[in-house]
Structures are given as structure tokens and as C-alpha cells.
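See below for the structure under consideration.
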Amino acid sequence: MDVSTLIPKNKSYWIAGIVAVFALSLLVLTTTLTDKGDLKSIKVNADYLLEYGDAISITKVVSDNELKWLSFDTLNSGLSEYPHWFKSTANVPFPFESYLLEINYGLLDQIDVWFVDPASEEVLGTYAAGDRLPFTHRPIQNEKFLFPVPKGKESFDIYVRVKSDGPIKVPMRIWKKSDFVEYSGSHNLFMGLFFGYMLAMALSNLFIYATTRNFTFAIYTGYVVCLASVVATLHGVGFRYFWSESVWFQERAIAFFACATLVLIIQFSLEILTLKKHSPKAFKVLNGIKYVFILLFFASAILPYTLVLKAILLMNALAMPIILASGVLLSINGNVIARYFTAAWAVLLVSGITATVENLGLFELSIDASYLLMVGAIVETMLLALALAISFSGQFKDAETARALAIENERQAIAAKDELFKVQEEAKKALEYSVEERTLELEIALRELSDANRELERLSAIDPLTGLMNRRYFDKRLRAEIRRSRRERTAITIAILDIDFFKKVNDKYGHLAGDECLKSFSATLQEVIKRPADVICRFGGEEFVVILPNTELEGGYKLMQRVRKTVESKVIPFENDEINITVSIGVTSRVISSEDEQEVLIAFADKLLYQAKQEGRNKVVTDTY
């Protein structure tokens, strides 16, 4: 069917106008948001220094006047294998109020920040952040990199060291804390609107797929989800809310989602433009590129990020012109679907190329490039949804025509009614048998899936290094034991354990030695603590926690003393060395009277652990509150 008859020309103009007004409104919103940031914050212009060869210490950077700092207005040096140092002097109008240093690029691997008194060269504060650290290690829990500015100094020097496999983009601003909170409200509103729109678009097309079984809607749904995931990763939203403990995935998330997005948009293009019919050569080339992206998707789990990123950019540069050219040629030939598709693709392509080039440092935009990419994504998904709707409408009209023809044929075949009835009966029996067989297969599959889910839930509760239960399991189990203590009026004892001077072990012997110490310490805990009801969990890093249900404080103290002595006496072999470690333990016990005491109980045990550290380490400190 000729889909050009589905939308009259005057309505096409109305649709184009509405989309244009919507796009301009979004651009005005992003410009307003960017201007608000420019007005409320202090932009930090820094000089930079490349660190070739051996690492440079902060002491040398601060004191060595012979280092050659270069002017770097945009703070954007693209892809680079070398660490970069940035130096700037900042002034704040109200030194005794709270200020924040913001680095507004969420994909930097390693960031070290020092605030230095320019007169005395004293380090006023130092912080570490980046994708290679868990999200909880950030000085301020925010999707942006935020660092507290020391109070009491009107003028101070900022030193930043950045090492990253991806683009090194370091846009820095200093915010008054109250102004940043106000700006964050507007920023989060825009982000909420974007992700809400993308979620609505994905769900609506998913429901249409569930109703129509038209697989193109499923492909489009996956594309919208993956595109939104790319934006979420760029803005740090994914790392904050979805995989905050998985540094490994955060380092590769942008490659995973970018490859998945490109695979799905290529497949969507092949389907909606019917390139196999209209342009077989373009179909073969794009299909081949699609499989390359699938290969890159899996390769990004093992290959260096920089190599994968360059491969993605190269293949993307091959695929995009072919898709766009195919859409343009079909549009010229009068294909209405291709017109909307080409318009959508052009919008995203322009915004995507602009954002990419800006991220690589070739020029600087007056608005945040990531906002521009989101505006392009919203307009593009809207136009693609319209093209998909037109395509489906044409298919529906074709189906209606075919149905009318089938009815006419049925009338003409009335003479063969008896034979047709017999065939229908046979088909009905075959269908019933097929349905029963399929139902049985689904029941078997559901049972297997249920077993797999139970196994997955068990594995997700285990710390992969030590084999102990992890923090997630601890939170769940502690809630249950607190309810039990309150219900049965029995004491519950909590012990928090921390390996003494664990950082020194890592610094002296390396992280592999640290891992061996963690595994040995975990094995010791399992040897000493044997009651089936007791729970041993890795709390994070070198910190562990033990839940002792139905245990008084004295019993918990004796058990933890056995743990401490066993750890102290144990020698951990590593390569040609022998490592000894000790442990500090805080123990508290209480009969729970309210389920709200969970956080208080943990905090008090942690306080006792800190007391043990203060009193010389290798000690068990107990108390009740």
C-alpha cells in the first residue's frame, strides 16, 4: 500500500511544525539551565601539565617552579594515555560559607584533588574519586564529581590529577552550596523529564508489541532503553542508582550500551526502510556492520576501553552515512516513512556528532553537550515513533484489504463448505494439541527459570572474593534477626571487625597480597564462628560484620577474643613472604524494643570499633547503649 496517502500534506506540515516547536522549547530549556549554571557558579580556568614517565608527587607539583604549565582554556584534551595535571587559583567571596568544586564529566577513571594554601604551600584538603572507585567512596554522594572546598580561605590553589582511558574532559566550576542545590533542582527536573519521556516511549511501544506481535516495536523499545542507558551513563545516573558497587561494569557501561544501541538502530533501520527490498547492497553492508557491533559488545568486556571506543567510532562513521543516504534516497522517491526516519536520524546525528566532537575537545559549546544529545534523542525518538506508527498503519490497511479479499474468497467457496468444515476440524485438533504441547513446554521452562532465579539470588548474596555473605545479604538478614529479637525478647549481638593497617599491606606487598589476607581472615572467621545461626558478612573493603542471634554481650566478647587471638597468631604465606595481621573489633548487644534500632545498633558497634582503633588496635571493645 502507498503510505503517502495515510497523512495528507497539510497534516504533515502541522506535524513538522509541532515537532519543531517542541524541539525549540527543549533547546530553550537547556540554554536556560546552562545559563543558570554560568550565572550561579564560578568557572575555573586551569593550566595543564602532562605527566610523562614516572609519577609526579603533589609536593613536586606545588613546589617545583620549573614545571612547564600550558594554557588550556577548554579543559578538554580528548583521548590521551597520559595522566594530566590541572592547576588553578580560585577566589571565593565568602570564605566561611560552604562551597563545592564540581567536575562535570562523569566518565573520568581516576581523579585526585588537592586544595593548597598558596602562601604556605600547605595542603588544606585532598580527595580521590573516579569510575575506578565504588560510588560510595566519593566525598559527596552525587552523580557529578563534587569536592568540599576548605573553609576560611578566600584564595586557594586547586590541583587536579586525572587519568582516564576515555576522553579527558575536566570542566570545573566552584559553587556556593546553596546555589548548587538550587541548580540541581532544575537539572534533576530536566533529567526526570527526559527519562520519564523515554520510559513512557519504551513502555507504550512494548505494550503495542505485546498486542500486535510486530517485532519492529520490540526492536524500537530496546533501542529507546539502550539510548536512555547511554545518557544515564554519561551523566553518572546509572553508576549512582543501578550499579554503584560495580566498578568493572561502570568502566565498560558506555561501550556496552553504545554497541547495543547501534545494533538495535541498525536493525530498526533495516526493518522500517525495508532495505532488503529497496537496497540489497546497503542491506548487506549494514547487516555486516551490525554483527561487528555485536562482536564489539562482547569484546568490550575484555579489550581496553580506548581500543573499543575507537572501533565503535570508526564503525559508527561507516554505518551512519549509509543509513542516512538510504533514508534520503527513499525520501526522494516519495517514501513518507523514509522522510520522517531521515528527519529523525538527521536530528540525532547532528546532536550526537556535535556532542562527540565537543567531548573530544575540538571545540566548546555554549551549552552542555550532554543536554544537546538528550534533546536530539527526544526529538529523534518522537519522529521514529511516528514513522513506526505510519508503517504499522500501512501494514494494518494491507491486512484489512487482505481480510476483505479472504471474505470474498470464502463466499466463492461456499460450495465446498463440507470439505472446508472437515479441514477446519482437523486444524482445530492440531491446534489444541499444539497449545497443550506448548503449555507443557512453558511450564517446564518456568520451573527451570524459577530454579535459575533461586540460584541467581543465592549467588548475588555472596562476596566473590571471600565467599562470605555480602552487604546486601547482611542488611536483609539483620532486619530479620532484629524482628526476631523484638518478638522473642532475646539479645542480639553485633560485632564489627576491621583489619588493622590493611592499607599498609596493600602498599607493601600489593593488592594480590591484600586479597590473600582477606581470604585468610574470612577463613579464620568461619573456623572460629561455627554456630549455624551466626552470620558472617563482608561489610566492605577490609571491614566485616558478625550477627550473633540469642547471644549476650559476654558471650560475644569471648567469641571475638578467640577470633582476635587466632588472627594474631596466624601467619599468611604470600610468595616468598609471610604476613601477619591483627584485627580491631567493636561488640555491642541489646534486646531490641523497636525495629528502628537497626541503624543505631550498627552505628554504636562502629563507634566501639573506632574506640578499639584509638586505643592501639588489636583489641576487642564492648559496651551497650
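Backbone N, Cα and C atoms are what each Cβ position is placed from, and that goes for glycine too.
Taken verbatim from TrEMBL:
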- 12-33: transmembrane segment (TRANSMEM)
- 189-210: transmembrane segment (TRANSMEM)
- 217-242: transmembrane segment (TRANSMEM)
- 254-273: transmembrane segment (TRANSMEM)
- 285-305: transmembrane segment (TRANSMEM)
- 311-330: transmembrane segment (TRANSMEM)
- 337-357: transmembrane segment (TRANSMEM)
- 369-390: transmembrane segment (TRANSMEM)
- 435-462: coiled coil (COILED)
- 490-625: domain 'GGDEF' (DOMAIN)
For the transmembrane segment (311-330) against the transmembrane segment (189-210), do we get 3 or more Cβ-Cβ pairs below 8 Å once near-sequence pairs (under 6 apart) are dropped? no
Please list the DSSP helix, strand and coil residue counts for the domain 'GGDEF' (490-625). 63 helix, 43 strand, 30 coil
For the transmembrane segment (254-273), give me same-chain residues lying six or more residues beyond its boundaries with a C-beta closer than 8 angstroms to one of its C-beta atoms, as numbers and ranges. 107, 166, 215-216, 219-220, 222-223, 226-227, 229-230, 233-234, 283, 286-287, 289-290, 293-294, 296-297, 300, 305, 308-309, 312, 315-316, 319, 323, 326-327, 330, 335, 337-338, 341, 345, 384, 387-388, 391
Report the mean pLDDT of the predicted model across the coiled coil (435-462), rounded to a whole number. 68
